[in-house]
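K.L.:
Encoded as structure tokens, here's the structure I'll be asking about.
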């Protein structure tokens, strides 16, 4: 009974969050829309589009540009009213799952690429967007190949707001203080970790309570020991198993890093923000994360002291130009939307204007569309320029684990990696755990 | 019913609204959740009926399930052990403090704080010394360096660290309940006992304990059921980690239903939790009914 009350109240609180944001954001626009519709439009019917999004933070450039674009669209199309439902990422994921269970997906929502959005596509909850992509040349604005992560059987179901890669941020000042250089091999990286440690500087920070953080780093190591991308794909296709030597080698390397004391004590109770803050406040020297973190780091106290480097080779294996790829969260349209044409028209216009506005708001590092303009002249920081340079060197890579495998296997993996922070385990056992979970979830 | 001299119809009419609400928000969801426990369903797509497969996997094949049941029950047992302590504090308050209201309210303070705040507070207290953790620094300062731990990340102590926070938070709550119970015992009884030569702790033994049993029972039931549904604090502090070391039934259910997207399997865990709660409540009631009869 308690559990039901629990889940019930969870769902309630989620919807409560949603509706409160709705009422806040719509109230100012209410009067203007009704006024204009009565005078100007006669034929066009009034339409309200619900726009669920993950930009609730008013200081985030993406929140500002979304509000700006929405207001502008409402002004140009008096019959269209756009209701924003702004939630943070975890809330949105949960709310969408709850809504999907009762087939009440909002007109526009946010999904994640590949394996994570597959259940929604299979349940026919999302509308194919091919026709809309062809309008006004929207398709051409996206980076080549990016839309493939959001396409199933030739139809594209979502439009990404970002495309990032995994890099190691480092604090130049702390590196100088310890007299270490940027490592080019994993073995050098271990030495750097030990040197930093001996000088009393915490080498790396991580927010491992959220589990995907450690997995993201681990997968980059697997990308190296496997000598290239596609390990998980091979497992899915049953060409390899998790008991492959490449996987065990990655586990060993990862454990070496943990045992060398790279990460802060008690890492598993630090959530993502707390982990990132260690780096942002200059308490740790290195931080492995997707390039989406750049904006936050630039506005922190370590701004100007930060450099980035590619994750190095392990035992001479792998190519540093292959990265962990993180195609971003993406806008999708509900297949059951009552105003499908209007919603498509709005999203088309929104995405066409997205890169330009993002560039102006200094949020264009790591967006999924091609951007025209001189970043340097527009005042982007050195770190941002360095990352833009790295983007040009990308020669493929892998997606994160939970974007490749089904949720059941992914959860088992995430827990298994988190465990490596708490206790040392035999790589054979870790491999067996993974294989067992994979088999149990792919009957 | 006959005593009231009202027609059965009237009674039914008055009971009905409440009954309907109760049925629709308690019984129907339980039944729905029992039914989804029989499905193989990710919460979004098509569901297939698998009979009792979920329950079979849960009870016999899931390596995570029984450990989390054990942790849940330990949680319940620990919080029941807390009640005598609360009673003791209440007795001390009643006997030695002239105006105990201020103290009782301060003990009660943690209860009205949001669990998220409490979780964050204790997370900082439990932090490693190098990150400014108070507990570890305190231990180091008094020379007990060997006792320092990464309290929330060491699987062998993490769960106990969580128990402690819950006990700390609810001590004031139960103290208040016990205190109110003691205050309700008529002073004449104690005066009479004093004449008979029963004072201090012998008065407690023969007067306070027997007369407070109904209140004691309320506390026990509340703490037991409360700890079975412990969820928020664990979510805030460890999220069930590291590696399920602090998972209890409810967090496991959440992980399964929403993260692993096995909604049917999660529902079967929920059904199990319902059954445990029912059995526990019945059991506690039975035990106390016996002891109440003995004393009154």
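Cβ from N, Cα, C; glycine included.
Note: TrEMBL annotation is automatic and uncurated.
The model shown is predicted, which means the values in this text are computed figures rather than measured ones.
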K.L.:
Checking feature assignment: transmembrane segment per TrEMBL, candidates B:157-176, B:177-196, B:237-256. Which range matches?
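P.N.:
It is B:157-176 that TrEMBL describes as transmembrane segment.
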K.L.:
From B:39-59, B:102-122, which range did TrEMBL mark with transmembrane segment?
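P.N.:
It is B:102-122 that TrEMBL annotates as transmembrane segment.
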K.L.:
Checking distant contacts: for the transmembrane segment (B:73-93), what same-chain residues at least six beyond its ends satisfy Cβ-Cβ under 8 A?
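P.N.:
Sequence-remote neighbours of the transmembrane segment (B:73-93) are 100, 103-104, 107, 159, 163, 166-167, 170-171, 174-175, 177-179, 181-182, 204, 208, 212, 216, 219-220, 223-224, 226-228, 230, 248, 280.
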K.L.:
Out of B:12-32, B:157-176, B:211-231, B:263-288, what stretch is closest in contact terms to the transmembrane segment (B:102-122), meaning most Cβ pairs under 8 angstroms?
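P.N.:
Out of the listed stretches, B:157-176 contacts the transmembrane segment (B:102-122) most.
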K.L.:
Excluding the flanking five residues on each side, which residues at least 6 beyond the ends of the transmembrane segment (B:211-231) place their CB within less than 8 Å of a CB in that stretch?
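P.N.:
For the transmembrane segment (B:211-231), the sequence-distant neighbours (Cβ-Cβ under 8 Å, at least 6 residues beyond its ends) are 72, 75-76, 78-80, 82-83, 86-87, 166, 170, 174, 177-178, 180-182, 185, 189, 248-251, 254, 273, 276-277, 280-281, 284-285, 288, 291-292, 295.
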K.L.:
Residues of the same chain, at least six outside the transmembrane segment (B:263-288), with any C-beta under 8 angstroms of its C-beta?
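P.N.:
Residues 30, 33-43, 47, 50, 54-55, 57-58, 65, 69, 72, 76, 213, 217, 220-221, 224-225, 228-229, 249-250, 252-254, 256-257 contact the transmembrane segment (B:263-288) from elsewhere in the chain.
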K.L.:
Could you tell me what the rest of the chain brings near the transmembrane segment (B:157-176), counting residues at least six beyond its ends with Cβ under 8 Å?
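P.N.:
71, 74-75, 78-79, 82-83, 85-87, 89-90, 93, 104, 106-111, 113, 115, 118-119, 122, 126, 149, 151, 219, 222-223, 226-227, 230, 233-234, 237-238, 242, 245-246.
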